[in-house]
Amino acid sequence: MTFIDKFPTEAKLVRWHFGVGFVALAIGGLFGLVQALYRTGHLRSLLPINAAQYYTVLTGHGVLLALVFTTFLICGFFVWAVTRSLDRPLSHPRLVWTGFISMVVGTTLAAITILNGFAPELPFGSANVLYTFYPPLQAHPAFYVGAALLIVGSWIVGADYFLTYRAWRADNPDKRIPLQTFMVLATFVMWYLSSAGVAVEVVAFLIPWSMGWISQVDPLLTRTLFWYFGHPVVYFWLLPAYLAWYTILPKLAGGKLFSDPLARVVFVLFVLLSTPVGFHHQYTDPGIAEGFKFIAMTNTFMLLLPSLLTAFTVVASLEHGARQRGGSGYIGWLRALPWGKPSFSAMALAGLVFAAGGFSGMINAGMNINYLIHNTIWVPGHFHLTVGTAFALTMMGVAYWLVPQITGKRLQHRTLAAIQPFVWVIGMTLMSNAMHRGGLAGLPRRTAKPLFRGEGAAPFDPVVGTISEMQLQIAIGGTLLFVSLALFLAVMVGTWLSRPGMGRLSVNGSIPSALSGPADSPRILDNLKVWTAIAVVLVIIAYGLPLYGMLADGVLAPGSPGFPV
Amino acid sequence: MADSDTDNTDDGVPRRWLIRALVGIGFGIPVVIEGGTLVGLLKSGLFGDGDGDDAATITGPTATTSGPPPVGTGDDLLAASARSATLSDATVHAATDGWRFALTVAVENTGDRPYELRLGTVTTQNGSRVDGTAATDRLGVGESATLSATYALPDGETPATMTIVGVDYVDGGGERLTRHTVRFGNVPVKR
Amino acid sequence: MTHVRIHRFEKLWLGAAFVLIVAFIATIVYGSLGPGVAMVGDDGGTVNPDNPTAADNFRDPGVYQADDDSYDVYVEARQFAFSPGTSEPIRVPADTNVTFHVTSGDVTHGFELVGTNVNTMVIPGQVAQLTVNFDEARTHHIVCHEYCGPAHHAMEGSIEVVPQSEFTPPQQAAADQSEVTDT
């Protein structure tokens, strides 16, 4: 029985979350194309923006894709995962609708302030603060209120995952938590713990400050609160992709998950270690002792463990699936995988690209190596492999498989869908490769025009290639990514608008159980209370002293007044 | 089996070739790009002198620029001539209602004829051209004057070069024009 | 009683992953203790962001000689210029210990010498402090690498490292700060 027939309310919730997410994806993706062309100087004169508005585009790209698209997709995807794996409807769907509306209102407020950069006649004021909104750059209060409503909305949606789980537990006192629900709950434990940081930053400091109720904020303290959230948020993006790789991808490959217990171990490690790592974004910050940065670095490197375990399990599951399909040989089994199935190829390619992103992440994480690439274009080169591909492309793969199940409509434009993931990977390879090389040469990120004025000679001295060749490669890569995005949206819109019953659905939602099931693992793995408590202790160890140091000289001091942009 | 999707049932021969081509270039291009980068890094690491300076030879035309050295605050715009025109201030003001390039030049007629200095067109880094009209009065020998000018630049652009025209008043009422192109160094942008 | 069964290959993989992690941390520790890769910590202290140069632990922007072979460079970043650095290059001698003290008079900026690991955030209220020994006489370019407003991309500067023999010690070396002009 299809998901939409069995759980119509939940299917509608997933549809709405995905729908809003895809609108954000379309606008944010268009902004990305504008950036790639403007920044690299290709077709710059044809673009309807000036250099100052580049930062409006950049803010919109970051907020709409990294915060809005991700959060809506995750909340919708998890509604499906909880409902399907517990095999029961949500306990309080109205709560989820409330959270959804809060997120939509928040997104709208923030979007209006961002678009003010193009059209000052819009209500409120501007918010050219980028998605990190570091004070003392100051946005209109509506931007901060919007951000808070987005975060709080996701908390409300998440509450129903736990309430639904509790209802299930009452009926099933002795069963193991189904794997997908376990993953959802673990992800949200981490999300509640870490997003509290940005919530405090926004609600306690930035909203009162932008309203004029307090005259100053401490830039280092607010930055630290941001990054307390800003690294775990990448695991908030990544863990849903892991959920897809662990539970959906093996089935699409024709096999089964290798090991259920190790999947649980991986998610527990993320609950423990995701949050006490934020200082690795602040290696080059003054005012934070090197010892605290070192603790964050150690935790960060320990996080390699669950990701490397994931790489093993996912590849092993794929190989198992390929051999079930008749594949053979050391490498030859790869040919037996269903590369023509877009849901499979998107997820599998996303996983491969994530491996590359993981390696550049190890460079970022190295406390002193980081100084070479901090805030260079290397960094966006890195995270376009992770959130920009590991998350985004995986979710596109999920959509190819799930949207038919939540709409009851067959996937349309299947050839376009089959092409799309490959175009994405080619575009991303071109763009990200050039960004990494440019970063090694010191090319900064977040600038409308990265080349030096005056001096005549560009001071950048690349080891491989030339700056102008990299700029061209970035422009071509960004254009291919936009083409790929347009293909994806065409498939989605075509499917959504098609009449139901146009042929039998070619997917089914059943997921085979793991080769090694949960019964093999200790029950303590499922005890999220214990893991939450340990995670809190680790956070206190990593953040207690440095936060105390920042607060001790006055909560608002040394304080800066606002600089509206 | 119930848990395998039936996506592939409509695979025709052309579609199979399409998939093969996609897999071929989908894996091939990344391997070529990343492989090329790896080879470049190894070459530079093994055969270069290690600090990257050798790479300057392959940075192409952007690495070298001909022409006069760039000028900054305190430099003489007419260093090559007998007159002196010192750039005493040059700033780009990034105001919300537009970007303005303001400069002040202290001109001294150190030559032996009456002289006039005109500030001409400013060309931005992006190639936009903004005309200027500022000029000193006719300066007698030994006289000096301070010349200030403001150029409304396109938003986000900064000055790269400026043409200046020196006017020599020769005996008998004639004028002799000398055109110089000044290349700016770092012009600070301020709010 | 149950226990997690782990495949032999997975155990090998797990072991290799641990080795990798330990090796990474070891390289960083070695880099700090061995070659002494300098990093930014909290030893710069704090200043009042409204008027940072008035603080006890900061001076008027400029180059100061501390002793025979060490210099202090105080840099104030403001939208959209480094002072000194943008209007006029920062001149320092090669083969000496040059300690940069960098702070901001308005928003958050960045301070990076292009292509090197001399790289720090410039946060209002904090003084970033890092010591560099330039072993080669050449020009380095300074870039502001954190978005600081609509003209961020125009914020840059330069450092001229000159041979010690050609270096004229700054006039204010005798701790007379009044001669330094704040541009």
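Heads up, the Cβ atoms here are built off N, Cα and C, so glycines get one too.
Counting only same-chain residues 6+ beyond the ends of the transmembrane segment (A:16-38), those with a CB under 8 A from a CB of the stretch are 44, 47, 49, 54, 57-58, 60-61, 63-65, 68-70, 72-73, 75-77, 79, 100, 103-104, 107, 392, 399, 403, 406, 431, 448, 474-475, 477-479, 481-482, 485, 489, 492, 496. Positions annotated as transmembrane segment by TrEMBL: A:16-38 (among others).
What TrEMBL records for A:20-525 is domain 'Cytochrome oxidase subunit I profile'.
Same-chain residues lying 6+ beyond the ends of the transmembrane segment (A:58-83) with a Cβ under 8 Å from its Cβ atoms: 3, 7, 10, 13-18, 20-22, 24-25, 27-29, 31-32, 35, 89-90, 96, 99-100, 103, 107, 110-111, 114-115, 117, 127-132, 147, 150, 154, 157-158, 161, 164-165, 180-181, 183-184, 187-188, 233, 236-237, 240, 243-244, 247, 387-388, 391-392, 395, 398, 402, 406, 446. TrEMBL lists A:58-83 (among others) with the feature transmembrane segment.
Marked as transmembrane segment by TrEMBL: A:95-119 (among others).
According to TrEMBL, the feature transmembrane segment maps to A:139-163 (among others).
With a threshold of 8 Å between CB atoms, the same-chain residues lying at least 6 positions outside the transmembrane segment (A:184-207) that come near it are 74, 78, 81-82, 133, 135, 141, 144-145, 147-148, 151-152, 154-155, 158, 161-162, 165, 177, 214, 217, 221-222, 225-226, 228-230, 232-233, 235-236, 239-240, 243, 267-268, 270-271, 274-275, 278, 528, 531-532, 535-536, 539. According to TrEMBL, the feature transmembrane segment maps to A:184-207 (among others).
TrEMBL lists A:227-249 (among others) with the feature transmembrane segment.
Annotated transmembrane segment per TrEMBL: A:261-281 (among others), in sequence order.
Long-range neighbours of the transmembrane segment (A:301-322) within the same chain, counting only residues 6 or more positions beyond its ends whose Cβ lies under 8 Å from a Cβ of the stretch, are 242, 245-246, 249-259, 262-263, 265-267, 269-270, 273-274, 277, 333-334, 336-337, 348, 351, 355, 358, 362, 365, 515. The transmembrane segment annotation in TrEMBL covers A:301-322 (among others).
TrEMBL lists A:383-403 (among others) with the feature transmembrane segment.
Within the chain carrying the transmembrane segment (A:415-435), a Cβ under 8 angstroms from the stretch's Cβ atoms is held by residues 36, 340-342, 345-346, 349-350, 352-353, 356, 377-378, 380-382, 384-385, 388-389, 393, 396-397, 400, 465, 469-471, 473-474, 476-481, 483-485, 487-488, 490-491, all 6 or more beyond its ends. Taken from TrEMBL, the feature transmembrane segment covers A:415-435 (among others).
Cβ atoms under 8 Å from those of the transmembrane segment (A:474-497) belong to residues 19, 22, 25-26, 29-30, 32-33, 35-37, 39-40, 42-43, 342, 396, 399-400, 403-404, 407, 409-413, 416-417, 419-421, 423-424, 426-435, 438 of the same chain, restricted to positions at least 6 beyond its ends. Look at TrEMBL and you will find A:474-497 (among others) tagged as transmembrane segment.
Within its own chain, the transmembrane segment (A:530-551) is flanked in space by residues 186, 189-190, 193, 218, 220-221, 224, 228, 268, 271-273, 275-279, 287-289, 292, 295-296, 299, 524, which lie at least six positions past its ends and keep a Cβ under 8 Å from the stretch. Under the heading transmembrane segment, TrEMBL lists A:530-551 (among others).
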Item to check | Range from A:95-119, A:139-163, A:227-249, A:261-281 with most C-beta pairs under 8 A to the transmembrane segment (A:383-403) | outcome: A:227-249
Next on the checklist: Under 8 Å for C-beta pairs, could you tell me which stretch among A:95-119, A:139-163, A:227-249 has the largest tally with the transmembrane segment (A:261-281)?
Outcome noted: A:227-249
Checklist entry - Which bits of the chain, at least 6 residues beyond where the transmembrane segment (A:95-119) starts or stops, bring a Cβ under 8 A of a Cβ in it? => result 13, 16-17, 20, 24, 49, 52-53, 55-56, 59-60, 63-64, 68, 71-72, 75, 79, 125-128, 139-140, 142-143, 145-160, 163
